[in-house]
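Please read the structure below before turning to the comments.
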Amino acid sequence: MANRIDHEYDYLFKIVLIGDSGVGKSNILSRFTRNEFCLESKSTIGVEFATRTLQVEGKTVKAQIWDTAGQERYRAITSAYYRGAVGALLVYDITKRQTFENVLRWLRELRDHADSNIVIMMAGNKSDLNHLRSVADEDGRSLAEKEGLSFLETSALEATNIEKAFQTILSEIYHIISKKALAAQEAAGNLPGQGTAINISDSSATNRKGCCST
């Protein structure tokens, strides 16, 4: 997985991980991209990212996952990284009610800075700590439904629903750009050689076989 040669792909999708510090974003990133988990994971300083290439609807997609720091003092830095994102995983910790209460603030910031068509999933992380739960599964689902988001509870420690969360986001992004590509072809009269990048945002969902991203 980590050793796979991934320079050949059909699409590059940028996805941001957002949420309070300590909710497990970095471990979600390492579990999905390297199948690793670190019990002594330190808070992210600034921004870091990792990539993984996988198949989505028969296409080779390179997912570029950005882990943005949740601390208040870094929020001004991370806001710039919303630009170009076509997907987002908004994470809270099911054992810390305050991280759930802050979801709407993160969602508001995301919608202020990101493309209006961005695909968003909400994840209640650390489901392995069910005995310490302070946010009910129904609370998460209810808020996600109210805001029009997908929802899953996840565990980076046990690798529960990590794969499913990203596959869901990537598939939804692909469906959006596929519809846009079809509409563009119909508008162009299905003329051959219309090799353009089909994006839902600023050259971020980039068709490798079309033009280069900016």
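Any Cβ shown, glycine's included, is placed from N, Cα and C.
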Swiss-Prot tags one of 41-49, 68-76, 131-139 as motif 'Effector region' - which one?
41-49
Should GLY19 (GTP binding site) be counted as helix, strand, or coil on the basis of DSSP?
coil
On the 0 to 100 scale, where does the mean pLDDT of the motif 'Effector region' (41-49) fall?
67
Would you identify which of the binding-site residues GLY19, GLY22 has the most other C-beta atoms lying within 10 angstroms of its C-beta?
GLY19
